[in-house]
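S.K.: Heads up, here are the entries from TrEMBL:
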type	residues	note
DOMAIN	12-105	domain 'Pyrroline-5-carboxylate reductase catalytic N-terminal'
BINDING	Ile15, Gly16, Ala17, Gly18, Asn19, Met20	NADP(+) binding site
BINDING	Asn63	NADPH binding site
DOMAIN	167-271	domain 'Pyrroline-5-carboxylate reductase dimerisation'
Amino acid sequence: MAAVAAPDAFNLGFIGAGNMAESISSGVAKSGVLPPASIRTTHRRTDRRLVFQSFGVKILETNAQVVDDSDIIILSVKPQIVKKVLLELKPFFSEEKVLVSIAAGIKLKDLQEWSGQRRIIRVMPNTPATVGQAASVMCVGEMATKKDEERVTSLFGAIGKVWTADEKYFDAVTGLSGSGPAYVYRAIEALADGGVAAGLPRDLVLGLASQTVLGAAATVNLTGKHPGQLKDAVTSPAGTTVAGIQELERGAFRGTLMNAVVAATKRCRELSQT
């Protein structure tokens, strides 16, 4: 995937060196948006330090050093400890730094209060970041500059596609794209099991199911056609596909997926309020 070029050089720091931080930093380094030497993080565990060092990330000793040595700081810790972490790091932030949070459910106003920062951007990526196919939604705080937005867009553009939306939509974003990969994994698993039930060998069905989902998603993205239109093109009168679709309708397939998104959105809203 072609990455968006960064407007200029800057240092990028990660507070929290988990899987998402690894995916972002690896994608940024591989795409050339930033050289690996411009990325820094810290971790107590040697194995995690070695993972980041393997693609050239600079390892520092403390989170405070990461903040001090970075222009953009991506907060990638669990939502439950965001407040604790930001209150500890508050003395090390400064006006020229940009705080980017990928913690689900933590609002801009809380991030600002706990960190003392005014230039803040929220981003909700999802787990396909691990293969460079993330769907990320960005919300830019009022005091963040156009350059801040361009820089952050370049970072998340290195691991997939980026959209911008108002913060009020972020709970629903979490319900759709944040939780959505799990729904699709279940669909792939079910398609594969259906293939076995229809007589196909187990070593064939998973590849067929996953590639079918990948191809269908790519067709929607690349053609720009509505999924209903593409479905109609596959569905011949009295044919095999319409027989399958009829069973999906009997099982409330579309309604169940819609309800899953709404349920996840509701749960995200509950968590963000607590």
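Including glycine, each Cβ sits where the backbone N, Cα and C put it.
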S.K.: Using the centroid of the Cβ atoms of Ile15, Gly16, Ala17, Gly18, Asn19, Met20 as reference, list every other same-chain residue with Cβ within 8 Å of it (recorded NADP(+) site), in sequence order.
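M.R.: Going along the sequence, the neighbours come out as Phe14, Ala21, Glu22, Thr41, Ser76, Val77.
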S.K.: Count the Cβ atoms, other than its own, that fall within 10 Å of the Cβ of Gly18 (NADP(+) binding site), considering every protein chain shown.
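M.R.: Taking all protein chains shown, Gly18 (NADP(+) binding site) has 13 Cβ neighbours within 10 Å.
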S.K.: Could you work out which of the binding-site residues (Ala17, Met20) has its C-beta surrounded by the smallest number of other C-beta atoms within 10 A?
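M.R.: Each of the binding-site residues Ala17, Met20 was scored; lowest Cβ tally within 10 Å is Met20.
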S.K.: Given a 10 Å Cβ-Cβ cut-off, pick out the one of the binding-site residues Asn19, Asn63 that has the most other Cβ atoms nearby.
M.R.: Asn63
S.K.: So which of the binding-site residues is most packed in, judged by how many other Cβ atoms lie within 10 Å of its Cβ, out of Ile15, Gly16?
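M.R.: Of Ile15, Gly16, the one with the most crowded Cβ is Ile15.
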S.K.: Roughly how many Å separate the Cα of Asn63 (NADPH binding site) from that of Ile15 (NADP(+) binding site), to the nearest whole number?
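M.R.: Here the two Cα atoms lie 6 Å apart.
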S.K.: What does DSSP give as the helix, strand and coil breakdown of the domain 'Pyrroline-5-carboxylate reductase dimerisation' (167-271)?
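M.R.: So the counts come to 90 helix, 0 strand, 15 coil.
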